[in-house]
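Colleague: Following this message is one structure expressed as structure tokens.
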Amino acid sequence: MYPLLLVHQQPAFGRWWKFMTMHFQPHLHIHISVSPSALTTTQHLPGPAMTDAQPEMKIDPARAKALISQLQSVQERVAAAASGRNVRLVAVSKLKPANDILALHQATPPQVHFGENYAQELGQKAEMLPRSIQWHFIGGLQSTHAKKLAKIPNLFCVSSVDTLKKVQLLNASRAELISSSSSPSPEQAVEPLGVHVQVNTSGEDSKSGAAPGAETVALCRAVEECPALRLLGLMTIGAIARSRATTTENENEDFLCLRAQRDLVAAELGLGRELELSMGMSEDFEGAVKLGSGEVRVGSTIFGERGPKNEAKILV
């Protein structure tokens, strides 16, 4: 069993967070303190006795200020393209430290929705950070990870569902979590898990996703029949060349295809609600919003470029 990681977050940006615990790296005990002036983590290295020379890991307040400024810039661009529509902004925090996420979540107003590509990384961050964060899994979903992911109470959505087996695994695991949950607080209640069916709109062999047409419709129908899941809509990651060529004037073929698939699914299933489109990333989100996207996933424009995966740290 890994030793316990205690996280004590003090008030910052006018908000209070509770004590939280998680099992993390072996032989590592970390205390996190958040204040308006700095975010500080103190790592106690293993040894027979603690000493006064315990290294501290800090984020300069300038880092938090820069992150918030970059987030606000993206929010303004989304709002300008949306022309009054509500568009969900998912801040893609993969390979970025929990410190960065916490800084944005404690901003005013807080950023609530964060996206991760790796199941293990999402699980670690979800246990470490406030329950009020809404997590999105946006990476390639492996069947072996589906069960654990669905057990994360504040996992808002899995946006990369592309097979019936994954639908069934997510539904069974989420149903177990819902039935075992006994929290009297509405804020802590476990909701059915949101799902985006991923559509391979570009037809590339390298891309995951259901084929447009009957396969997409059948998968959406399967999700609709699962009591522990809720079909939010469709998602695509289009061809890179099309993304780079996308502007508010030059319409992306992948986005047009996804919009047509949304209309097809709604008609075939007889849905009395409009399904959302999850499309658009850092390079093309404004063009996606112009074409009706209800959710955009933006990472590097907010957090900066990512380093190699093997150098990423959960905490800095």
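Even glycines carry a Cβ here, placed using N, Cα and C.
Keep in mind it's a predicted model, so treat the numbers as computed, not measured.
Features from TrEMBL:
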DOMAIN    77-305  domain 'Alanine racemase N-terminal'
MOD_RES   Lys94  N6-(pyridoxal phosphate)lysine
Colleague: With every protein chain in view, what's the tally of Cβ atoms within 10 Å of the Cβ of the residue listed as 'N6-(pyridoxal phosphate)lysine', excluding that atom itself?
Modeller: 19
Colleague: What mean pLDDT score does the domain 'Alanine racemase N-terminal' (77-305) have in the model?
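Modeller: Averaging the confidence scores along the domain 'Alanine racemase N-terminal' (77-305) gives 94.
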Colleague: Once the DSSP letters are reduced so that anything not helix or strand counts as coil, what is the residue listed as 'N6-(pyridoxal phosphate)lysine'?
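Modeller: In three-state terms, the residue listed as 'N6-(pyridoxal phosphate)lysine' counts as coil.
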